[in-house]
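Chemist: The structure is given below, and queries will be raised subsequently.
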């Protein structure tokens, strides 16, 4: 304890150590003894242990021997030091027991008493003749309390680990006894980590087992290092070759320590491995030499400008003899001729490859230039399209003056591949291919804007509506025009269909009006006038459907005209009708003779039956000659008109039919039936037959 600083320590302060102790305490090597009593040395810094005394420790002991005062022997010095140490330990243990009693009254006093008794016994055994002189210079009141470093362990495993670390720090060997270990660790506070002596000895035995394993591992490593050292010695010695025998090597290296530290059996095995390694090494060296000569010759050939891909081997040999680098290299001159020839061949192949690559590069540059010309021309077409000069309806003959005036067109001339005309056609085809997609966009725009293309819609109005939408920026002008034409055609088709529908409605109204006139009760007289009979039909739906009075008069007039002609004399008209039919039949082709004959016979038969029925039911004056209703006549008229519109392939025959139509019309008006078999199809004949049967069945 030092009174000025009020501090206490478990270790002997450097101020109380002798010069020899101070020098030894700085050395990391400490001396210990095994269970057999054999001393060994342990380095606390590198954790290395050895049986031989280290050189550093020998040097320090030599220096301490010089420092020791004359007349005192090392044994006396050691005895005095041990006496002082034992006295200090006894005094310290006594003080620690006092402090521990105050701080830990439960279990520490027994432990401290145990430790104190052990120290007392050991001190008595080791230094029985040393007397300890109590210190009376300081009174009890002035003695300060010892400052004890307190350790705390949360679990028992941590306490065991701390105890083992203490043994390891103090350098306790695997063959040390418990008493030897006690001398080293009893003064450390971590000694009390385990409260029971049995637990301490159990941890001590576990530490010894682990340390023994580590020492064996160190011995194995040391033996392995000695073998590796011997192997490296043989591998790196200049006199060793792959053909050196073991006896000769033993004569050369048998007196050296590196040879004798390895047992005979292991030495021979290592020697065989070294011979294999040297053989492999020599082979690798030969390979490296061959590679070196190869690279040197290759560099010389690369630097010779007169060697081209057309140079022969004989010419190359003469060039090499004239080369100063080749002439100064003896190893290169001793190079195998076959290797030199192979190296030359590879060099020539490399030159040929470079020549071919240069040609390919030239070709690629030309192709790249042509591709860039095509891309430039493509951009030129894009510019024309953006300015509205080029669209899907553009023709080459129209665009040629504009296209040929640009330098990008001239750059395309003469190069293989696609021509400017091809690129123009491809561009226009691409624009046309976009038509359907752009047409959908145009329809969406029209639907959003609420514009419906009609017959009277102009392209200016259509274009202004389309261009007002931002979606029209990507549309092609030609596709816009095509879409307008398509929509306009649909509008015209709708208008024609609407007109046809109105005409069909009007004909149905006329037929209904004629039917109303025919079914009038009492029947209309041939000399009746419209003003006289108008009041009879005011409430009829057919009368109301015809809104124009002029149309009503016209239909009434036509009906009365037909009614007047149908009640005339039928016999003379029948003869005329037969003559006309025969004459017409002769002019027909022979291929349709069967159909015409059938039609004529049916017509005569129908006419005869109608005449008979008319004479039986009505007076000749008012008898309608036709068995058909006006509605049926109108239906047949519409079918004929439809046939005339659709059957355009028979234009010539239709022309002849039109020329003769007045005669047929007059015949029809006179007799009520058309006797021309060429104008009737099989379906119409069947319909007439059914109508006739219905009339015959009617009362």
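Even glycines carry a Cβ here, placed using N, Cα and C.
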Chemist: Pick from 341-373, 374-406, 407-439, 440-472: which range has coiled coil per TrEMBL?
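Modeler: Comparing 341-373, 374-406, 407-439, 440-472 with TrEMBL, coiled coil matches 341-373.
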Chemist: Can you identify, from 54-98, 99-143, the stretch that TrEMBL calls region 'Disordered'?
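Modeler: The listed stretch tagged region 'Disordered' in TrEMBL is 99-143.
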Chemist: At a C-beta cut-off of under 8 Å, are there same-chain residues at least 6 beyond the coiled coil (341-373) that contact it? List them, or none.
Modeler: 294, 297-298, 301-302, 307-309, 311, 313, 316, 408, 411-412, 415-417
Chemist: For the domain 'WW' (28-56), could you work out the same-chain residues 6 or more beyond its ends whose Cβ comes under 8 Å from its Cβ atoms?
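Modeler: For the domain 'WW' (28-56), the nonlocal Cβ contacts are 169, 171-173, 175-177, 180, 215, 218.
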Chemist: Give me the mean pLDDT over the domain 'FF' (370-430), rounded to a whole number.
Modeler: 91
